[in-house]
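Trainee: Encoded as structure tokens, here's the structure I'll be asking about.
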Amino acid sequence: MSITDVLSADDIAAALQECQDPDTFEPQKFFQTSGLSKMSASQVKDVFRFIDNDQSGYLDEEELKFFLQKFESGARELTESETKSLMAAADNDGDGKIGAEEFQEMVHS
């Protein structure tokens, strides 16, 4: 699966443009611009599986650091503060990782 199988390349490019500078990543803005927030719950979970590098069923801080690169290989890494902020926004049960359900809830919040 390629991310452009489910999201428009133009929308992804626009979303990445908005957060190309360090410490400018805003999850909700990214989800809206990229089109993720308009997708069904099952489509968002498909994207989650694409982002989940080790297929563990969870995203940890190391995977989140490379979040933008899953949408475009040349994109920057998230800063430590952006990574921690993204984790805090989605990790509802406080276990230090984001499950598919938590990811979907964050995208649609």
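Placement of Cβ uses the backbone N, Cα and C atoms for every residue, glycine included.
Feature annotation from Swiss-Prot assigns domain 'EF-hand 1' to 39-74; the stated evidence is sequence analysis. According to Swiss-Prot, the feature Ca(2+) 1 binding site maps to D52, D54, S56, Y58, E63. Swiss-Prot lists 78-109 with the feature domain 'EF-hand 2', giving sequence analysis as the kind of evidence. Per Swiss-Prot, Ca(2+) 2 binding site is recorded for D91, D93, D95, K97, E102.
Have a look at these and tell me how they're positioned relative to everything else.
Mentor: Helix, strand and coil residue tallies for the domain 'EF-hand 1' (39-74), in that order: 19 helix, 2 strand, 15 coil [DSSP].
Counting every protein chain shown, the Cβ of D54 (Ca(2+) 1 binding site) has 10 other Cβ atoms within 10 Å.
Only residues 6 or more beyond the boundaries of the domain 'EF-hand 2' (78-109), in the same chain, are considered here, and those with a CB under 8 A from a CB of the stretch are 22-23, 25, 27-28, 31, 36-37, 39, 41, 44-45, 48-49, 51, 57-61, 64-68.
Taken residue by residue with DSSP, D93 (Ca(2+) 2 binding site) is part of neither helix nor strand, so it is coil.
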Trainee: Can you tell which of the binding-site residues D52, D54, Y58 lies nearest to D95 (Ca(2+) 2 binding site) in space, using Cα positions?
Mentor: Y58
Trainee: Would you count the other C-beta atoms found within 10 angstroms of the C-beta of Y58 (Ca(2+) 1 binding site) for me?
Mentor: 18
